[in-house]
Amino acid sequence: MSAIRYELIKTDKQTGARLGKIHTPHGTFDTPMFMPVGTLATVKTMSPEELKAMGAGIILSNTYHLWLRPGEELIREAGGLHKFMNWDQPILTDSGGFQVFSLSKMRDIKEEGVHFRNHLNGDKLFLSPEKAIQIQNALGSDIMMSFDECPPYPASHEYMKKSVERTSRWAERGLKAHERPEDQGLFGIVQGGAYEDLRAQSAKDLVSLDFPGYSIGGLSVGEPKDVMNRVLEHTTPLLPANKPRYLMGVGSPDSLIDGVIRGVDMFDCVLPTRIARNGTCMTSSGRLVIKNAKFTHDFRPIDENCDCYTCKNYSRAYIRHLIRCEETFGIRLTTYHNLHFLLNLMKQVRGAIMEDRLADFREEFFEQYGFNRPDAKNF
């Protein structure tokens, strides 16, 4: 029996978007869901209790980074990642593939795996499909990812075809290496760049392997948003309706809503936490850069329509002061707000699906947020 089970609750009559639940060994979470990213077994500046309070049903951790520090064996010794970081709800781990291809300037891709340099100290390392699974088995996450290649955008059709074929072979090898299928659900990752024929081939290959869930990778890597939406429209119908669909690395409010409309259930991104550290906040009326001088004497909350801890207790003027002085508490406050904003947005999206009005909600949100303006700024 699979460790992961998807339950469809309702389909939105306006868009076909899915409302559901995903059942895991560490509990159930509602979908669509945004997953905060805890790269090194922590969501930067946030406690597990705070994440639960804001409605995070699942968080993500990074296999590559935990492999390097503190090492998967230490985490196994601690009783697994859940005990190590004191998080008793579901955890998803990536395979490390994206970090290998994005952080290492020197890498050599072979059929057996990837030889590359440790981005911390320059040491030579090797990561294979089997090793990526072995590390994740030691971590004990509820949902694991297959090892895949993440080609940059744009890439030629010829290169992408070879990459997709290799990723499919790696997925099969990883599935065979998986030692804990009853405790951990392993997802296959659909690749293919912007090429619809290669996306179809990748999806066909992976569906034939009968994974308990499917990820859509290789998007949000520099391609225009209309390209991403086109690829999603083509790809999600090729994936089983009775299994979860996870769009990797996407976290801007507009892309979350558009992804849900195109059949996606799960999302993750460092965006809300990364921009928070620079003092950029997501609000119901658009992006707010708290460092701007116009907020020096502004004693309103970041977002007057927000009921998060930050907005109920602190002013723009105070948070601006903290961020400008590089005080950690300022980063905590903006991080809390941004994560709460996205998690609450997904709660609103789920409510709109339940009421069969997601297309209307999208129009209202885009109008209020400013995405419909010709000069709209992307995050």
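Note: Cβ is positioned from N, Cα and C throughout, glycine not excepted.
According to Swiss-Prot, the feature active site, proton acceptor maps to Asp94. In the three-state DSSP assignment, the secondary structure recorded for Asp94 (active site, proton acceptor) is coil.
In the three-state DSSP scheme, Asp268 (active site, nucleophile) is classed as strand. Here Swiss-Prot flags Asp268 as active site, nucleophile.
The substrate binding site annotation in Swiss-Prot covers Asp94, Ser95, Gly96, Gly97, Phe98, Asp148, Gln191, Gly218 and is backed by sequence analysis. A 10 Å cutoff on Cβ-Cβ distances gives Ser95 (substrate binding site) a total of 31 other Cβ atoms nearby, all chains included.
Under the heading Zn(2+) binding site, Swiss-Prot lists Cys306, Cys308, Cys311, His337, citing sequence analysis as support. For the recorded site, His337 (Zn(2+) binding site), the DSSP three-state label reads helix.
Residues in the region 'RNA binding' (249-255) partition by DSSP class (helix H, G, I; strand E, B; coil) as 3 helix, 0 strand, 4 coil. Per Swiss-Prot, region 'RNA binding' is recorded for 249-255 (among others).
Long-range contacts of the region 'RNA binding' (273-277) within the same chain, counting only residues at least 6 positions beyond its ends with a Cβ under 8 Å from a Cβ of the stretch, are 36-37, 43-44, 331, 334-335, 337-339, 379. Taken from Swiss-Prot, the feature region 'RNA binding' applies to 273-277 (among others), supported by sequence analysis.
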Cβ neighbours of Asp94 (active site, proton acceptor) where a neighbour is any other Cβ within 10 Å: 31
Nearest of the binding-site residues (Phe98, Gln191, Cys306, Cys308) to Asp268 (active site, nucleophile) - Cα to Cα: Phe98
Extent of the substrate binding site in Å [max Cα distance among Asp94, Ser95, Gly96, Gly97, Phe98, Asp148, Gln191, Gly218]: 15
Neighbourhood of Gly96 (substrate binding site), C-beta criterion under 8 angstroms, separation at least six: Asn62, Thr63, Tyr64, Trp67, Leu127, Ala132, Ile135, Phe147
